[in-house]
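Chemist: Once you've had a glance at the structure underneath, I'll fire off some questions.
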Amino acid sequence: MGEIKTIEFKDGVLYLIDQRKLPNSYEIFECRTYKDVNFAIKDMVVRGAPAIGAAAAYGVVLAAKEFINEEKESFFKKMEEALEILSKSRPTAVNLMWAINRMKKVIENNKELGLQDLYELLKKEADNIYYEDIETNKKMAKFGNEIIKENAVILTHCNTGALATVGYGTALGVIREAHYSGKNIFVYADETRPRLQGAKLTAWELVQEGIPAKLIADSVAATLIRDGKIDVILVGADRIALNGDTANKIGTFMLSAVAKMYHVPFYVVAPTSTIDFNIETGKEIVIEERSPEEVTHINGVRIAPEGIEVYNPAFDVTPHENITGIITEKGIIRPPFRENILKLK
Ligand SMILES: CSC[C@@H](O)[C@@H](O)C(=O)COP(=O)(O)O
């Protein structure tokens, strides 16, 4: 299999690898309207903070295409509605709002243009978001590779690879880079209950790339860390507060706590578009709660009894004290995080 094209916009259609179906089947999900994109993000056809942002940007392009024959006033009203709907498709990853805001700015700054010209500008901005993401990931991977030692054993959580981004990946991008640069690394990938992004998606990417790895149940990680079997932990992020508190896939906090206990370096790998400069601490981050079926069922098969109640937060917040450094495309941010994050603004 060649390059993984998580997202592709061609001839007015957005094509997404259907991540709900991997690894058992490789299917492409077609979005022809912005509401298709809204569905794809909500239902996690496409997921991972940077991938959601890029998909939403093309959702705005699709909306403009749908409304291009409207009177201008009606066009802008309908676009506003589309932007609002897309921005609410998932609540935690700030990359979504960041991408929508970039698209919004293009509309606001070009209201005097004809709608065809405005459409072209929106398409161009979505393409910019798309290509910048790949560049950003490659830069992060280079910075990240500096902290990976020869023979390093790396633990990672959820899926932060090409599937979670436009290409290459964040934490998994660093792992790719270390592997390509000839380091003899070994990866432990957590399965990442309840949706199993580690077992289904990260394991799939690791196998595609031929990176030496083992899949583990989430509950194995603490023992490996305690027994000195892990040299470094690399995770992604969905939203980073000014003080460095980081929202990421549920289970990340627990890993960080054990890592701190046993002095294992714990790095977050994320583009600066994942930093929310409007919030001081992780307390302000909205944590998405998803459907009970994600916990009571596996692959559509019920594993828990009828009648049991479920609590299913999709993310948790890792306190900044547990984080060794945040690897961005502008370099590695180290404590004091607030001071050093503000320098990036
Ligand atoms: C580049 S990936 C960073 C995060 O988005 C990733 O770790 C994660 O938590 C994804 O969650 P998901 O619910 O699968 O969208």
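Cβ atoms here come from the backbone N, Cα and C positions, even for glycine.
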Chemist: Of the residues GLN197, GLN208, only one is listed by TrEMBL in the substrate site with ARG47, GLY48, ALA49, ARG90, ASN248, LYS249. Which is it?
Modeler: GLN197
Chemist: Quick check: with ARG47, GLY48, ALA49, ARG90, GLN197, ASN248, LYS249 left out, which same-chain residues have Cβ atoms within 8 Å of the centroid of the substrate site Cβ atoms?
Modeler: ILE52, ALA93, CYS158, ASN159, ALA164, GLY236, ASP238, ALA314, PHE315
Chemist: Pairwise over ARG47, GLY48, ALA49, ARG90, GLN197, ASN248, LYS249, annotated as binding substrate, what's the top Cα to Cα distance to the nearest Å?
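Modeler: Among the residues the record ties to substrate, max Cα distance equals 17 Å.
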Chemist: Any idea what DSSP makes of GLY48 (substrate binding site), helix, strand or coil?
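Modeler: The three-state answer is coil.
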Chemist: Quick check on the binding-site residues: of ARG47, ARG90, LYS249, whose CB has the lowest count of neighbouring CB atoms inside 10 Å?
Modeler: ARG90
